[in-house]
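Okay, so here's the structure we're looking at.
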Amino acid sequence: MRAIAPRSIRGEFRGRLGGFALDAAFSVPATGITGLFGPSGCGKSTVLRCLAGLQRLPGGRCDVDGDVWQDEATFLKPHQRPIGYVFQEASLFQHLSVRANLLYGAPRGGADAAEGAVGFDEVIELLGLSHLLDRAPRNLSGGERQRVAIGRALLSQPKLLLMDEPLSALDRLTKDEILPFLERLHARLSLPVIYVSHDITEIERLADHLILMRAGKVLAAGPLTELQSDPALPLATARDAAVNVDAIAESYDSVYGLLTLRLDGGRLLVPSAPVQPGEARRIRIAAGDVSLAREAPHRTSILNILPARIATTSPVGPNEVLVVLALGPGGQGARLLARVTRRSWDQLQLAAGDELFAQIKGVALAPERGAARDSAS
């Protein structure tokens, strides 16, 4: 990270667009990647257009790092806003080479002119474009075209990068090829990003913060893990509910092929290729892969058993209970979810505040980092 991160991104957009009503207000840190997530047609792209100045709603407000882009007296037009915009499909100039497309939006004086600017060579390296510079867009694959579009947006030296479902037009294999490039940008650049998607797997891999939308409304905005573990929100009650946790690689056991990860509230063992100690890793733990025990189990095939406290609970239908766990002695660590039957809940006589043990049957690493699952055997 080379620059001091902007303080916040705030938006307030309300109004009717034909038969669609938008009621979106949010404030998120202007650092890292903020996912804008919800089902198709909920208003995600409309919010992005409002941030970009492509859609003007009376009474709207928008400021980034204290700079007002829209209020009662101000409305900056799109070309006046320091943004980069990446659309669902790359809009490249067909008569220009990849190099010329990349440099098209760069400020005069060269892409490296401004202090703290993202340099041309850096963008080429981050996005793996060096072998494509002399090609025409018609000779690129869909994934290559989108990487060029991202590079062009970065070289415009934006203060905020807006990405409107940039992978939605690509097949799953191509998506999996591009996601590591986006993660590399996230790790190396301080540029804040608003990333629109209706694909939760993209959000789980990329986002630090989340704006959750449904039917034109912002349901909540905040850190990804907080929204994932809030039983009042649909992410936590979904059948495939999971929580993402950022961890640090601590050691590697080459005999058993197991990586020890340190997270807030304990340590986990995960099958993995060798990695260097100190490397950051994002893991995903599904609610269905966590079971509960009153006492520490002995002689079990489950590798990961951590002390935890029940933070809160919520019924899920007539026969299940969603349990929000806080890891570590005293429950001061990371949050996880567990989904148990009401019979198990009653038999264990559980209640909020109880201390117990979380048996974690499955831990998934992000795919590009050597995806693996730690099974119960």
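One is the number of the first residue shown, and numbering goes on along the chain from there.
In case you wondered, yes, glycine gets a Cβ from its N, Cα and C as well.
Feature annotations, courtesy of Swiss-Prot:
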type	residues	note
BINDING	GLY38, PRO39, SER40, GLY41, CYS42, GLY43, LYS44, SER45	ATP binding site
DOMAIN	4-240	domain 'ABC transporter'
DOMAIN	299-369	domain 'Mop'
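Feature map: annotations from Swiss-Prot on the structure.
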residue	record	Cβ contacts under 8 Å, 6 or more apart
GLY38	ATP binding site	LYS44, HIS198, LEU212, MET213, ARG214
PRO39	ATP binding site	HIS198, ARG214
SER40	ATP binding site	HIS198
GLY41	ATP binding site	none
CYS42	ATP binding site	MET213, ARG214, ALA215, GLY216
GLY43	ATP binding site	PHE20, LEU22, ALA24, MET213, ALA215, GLY216, LYS217
SER45	ATP binding site	ASP164, GLU165, VAL196
Cβ packing number for LYS44 (ATP binding site), 10 Å threshold: 24
The domain 'Mop' (299-369), counted residue by residue under DSSP: helix, strand, coil: 10 helix, 36 strand, 25 coil
Secondary-structure category, per DSSP, in which LYS44 (ATP binding site) falls: helix
DSSP three-state assignment (helix, strand or coil) for GLY38 (ATP binding site): coil
Beyond the site residues GLY38, PRO39, SER40, GLY41, CYS42, GLY43, LYS44, SER45: chain residues whose C-beta lies within 8 Å of the centroid, for ATP: HIS198, MET213
